[in-house]
Structures are given as structure tokens and as C-alpha cells.
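These come from Swiss-Prot:
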- A8, Y9, S10, G11, G12, L13, D14, T15, S16, G115: ATP binding site (BINDING)
- Y85, N121, R125, S173, E258, Y270: L-citrulline binding site (BINDING)
- T117, N121, D122: L-aspartate binding site (BINDING)
Amino acid sequence: MKEKIVLAYSGGLDTSVAVQWLIDKGYDVVACCLDVGEGKDLDIVYKKALDTGAIECHIIDATKEFSDEYVSYAIKGNLMYENAYPLFSALSRPLIAKKLVEIAEKTNSVGIAHGCTGKGNDQVRFEVAIKALNPSLKAFAPVREWAWSREEEIDYAIKHNIPVSINHDSPYSIDQNLWGRANECGILEDPYAAPPEDAFDLTNALEETPDTADEIILTFVKGIPVQIDGKTYELDDLILTLNALAGKHGIGRIDHVENRLVGIKSREIYEAPAAEVILKAHKALETITLTKDVAHFKPIIEKQFAEQLYNGLWFSPLTDSLKLFIDSTQQYVSGDVRIKLFKGNAIVNGRKSPYTLYDEKLATYTKEDAFNQDAAVGFIDIYGLPTQVNAMLNGGYSNEQ
């Protein structure tokens, strides 16, 4: 009896070719495809997996689990890698790895294969996650092992009658889920080349956006958006709704050259309409609900959390601790944020919360002012004392300095 390998199958070029390649190596292939909100026709994926030679294909709807247990932390933690990338691909990898391990254990497979290249981040994310969940499972990386160029891979697919929706003229590599869409390869590899419109799918070009703005009210409960204009949604449905609405206005296009885990720079074209709107709104709500010290310290944790996730360390003691901290900051991050959507921009026009720390009577300069300005004199004396002592003992600073 042949040994079984579970393959993370997407229906794309890399994993379709990987099925045939693993068969040639003497394995039975168990394909596994997760739906994490990418809108893919999974019936077609299922059929393609079997047509290319897999003995089984498991289709798993993990959209709600993805939104509730993974994307929720991206929102509460304002997670952005290098202040640009909302981490949607990185967010899905630990969940995919978790499901692959479950299928491998159920089917008595000896290992797990993925379609990642040897120069990308995902090979690390998958294999480290698999080691964390079940160290006894072997990891297989066909694309890394065969080391073909994109053109050679396409030729192999054509030779073996593997149906793939890709050609030499438009060799994009696309990854998409509920939280966003990533596009690379082809002309996009030139960081100076303007991305053509066919590189985008979720967002309109500015020239095609409406000339009238939409204004919405996002309601949050403990850091998670739960309503749009008073209508309650599950998180996954809310994100999909915002993707359509914000994408219509051209919101969420990101052109970024990022520093990959493996040490190279990579030009990526991202689309994240809902993510841009939600994260802007969430940050705005935090400005009135977090204390000053938490508001100043939390970005340090957010940066570390984003790097943990980007670097494939979701299943780690540090990430567990970071999640606990993020959760602790969100107890009072509830309220409404008003946002204007127009011509590629998500503009925060207002925010309110039953837990607001903003006291208008303390902030106002009108006759309603309740701030005791006399207290400022003593505060300045104490606050400035170290500076004053330094000036007295060391001569202070000259005007030239």
C-alpha cells in the first residue's frame, strides 16, 4: 500500500502540478482545500483535484473560524507588517496548517505537502506550524524541490494536461481570502512598473469610482465590528459587505515592497478594502477609550505581534502572551465610528463611546471649561525640575545648540 501525503490544494498552478509530481514519487495524494472567504468555486476545485490524480479531496469551510479566531486579532491588534501589509495571507496559514494536520491524522498520512516556493514566507509558516502541532509529520515542498521557473512549471502542466488558468503572457500569482487579496509575479516584479488594472479585482480604479460619497457608521463591541449602520452582522459577513462597499470606492489598494522572512525584498500588490476601513475606525475608537499609557505602549506590542504572525510563529508561547495582552486592552473599545468612503479614501468623521475618556468640559476653551489651569504651574515646576537642575549645574544649553 502506498503512503499517503496530504496536500494543501488551492486549484492553482503550483498545487495542481504538485499532485502529479507527488504521484510520480510514489505517493497517494489526499488533497485538502480550505474556504477562508476567497469566493472560489470549490466544486471546481474539488473536481480539479480528483482530475489531476488525488485519491481524495477534502473541502473545509473555515471562513467563520478564520474571521472569529484569526482576523479578530488583526483588528483588535491593528496588525500591519511594516505599516503597510494587513497580513491576510499570513493570518490564514496557521489555520490551514491546523486543518491539514487534522486531515493527516484522520487519514493516517505520513506527511503534509504544500505548494510554496523556496524563496517565499509561506514555506516557513506552514512547516513551523506543522512542527508545532504534530512533530511526527514529514513536510514536503515539491515546488521548492523541483526548483522550476514559472515558465517551466507552466510547460509541465501543459505536458501533463493539467488545467490551469494561467499563461506566459499573464503569469500572476494570486492569493485571496476574506481579509484581502495579494498579487505578485509578471510585470509586478518590476518595482518601478505601474500595476496594470488587470492586477486588481476587489477595488475600482479611481476613475471608475462613484462621484458621490457613502458615509457609514461602524459599531464596535470590545474591539470587534458588529454593525454597519445599525444592522448586525457576523464578522465574516460584515467584512465581505465592507469589501464590496469600500472596493466600489477604490479603497484598499496597497503597492508595497516588503522585506521577506527569507531575506529578499518582494514587490506585492495588495487589496484590502474592508481591512483599511475597519482598522482606521478601530484606531479612531481607541483614541477615546484607551488610557494614554496603554495607547502609547500598545503599538509596541502590535509591531511584535505582526512580526510574529508574518514570520510564521502563531503557535508559540510569545504569541499566546501577546494575544492575552491585546484582549486585555479591548474591554472598553466599544462604540460608533462614522466614516466617509470616497475616491480611494476612508475618512473618519466622528467617534463616540459609552466608555469614552474624552471629557468635553475639560477639553473646551469656552466658558464651560472645567479644567483648573492654576494646577499647571505646579505641574510644570515638577515636570521641568530635572531640566532646571541640569541647567543650574551644567550651564544649560546655548542658543546654537
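Cβ coordinates are placed from backbone N, Cα and C, and glycine is handled just like the others.
The structure, with features from Swiss-Prot marked on it.
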| residue | record | contacts (Cβ under 8 Å, 6+ apart) |
| --- | --- | --- |
| A8 | ATP binding site | T15, C32, C33, I96, L100, I112, A113, H114, G115, F126 |
| D14 | ATP binding site | G115, C116, T117, V143, E153 |
| Y85 | L-citrulline binding site | I254, H256, E258, E268, Y270, Y310 |
| N121 | L-citrulline binding site | A90, R260, L261, V262, Y310, N311, G312 |
| D122 | L-aspartate binding site | S89, R93, H114, C116 |
| S173 | L-citrulline binding site | G12, L13, N183, E184, C185 |
Cβ neighbour count within 10 Å of G12 (ATP binding site): 19
DSSP state at D14 (ATP binding site), helix/strand/coil: helix
Cβ-based isolation winner (fewest other Cβ atoms within 10 Å) among the binding-site residues S10, S16, T117: T117
Intrachain C-beta neighbours of R125 (L-citrulline binding site), sequence separation six or more, cut-off 8 angstroms: A90, R93, P94, A97, N311, G312
Where N121 (L-citrulline binding site) falls in three-state DSSP terms: coil
Neighbours of T117, N121, D122 excl. site residues, C-beta within 8 Å of centre, L-aspartate: C116, K119, G120, Q123, V124, R125, R260, V262
Neighbour-count leader, CB within 10 A, binding-site residues: E258, Y270: Y270
8 Å Cβ shell about A8, Y9, S10, G11, G12, L13, D14, T15, S16, G115 centroid, ATP site members excluded: V17, A18
Diameter of the ATP binding set by C-alpha atoms, the set being A8, Y9, S10, G11, G12, L13, D14, T15, S16, G115, in angstrom: 13
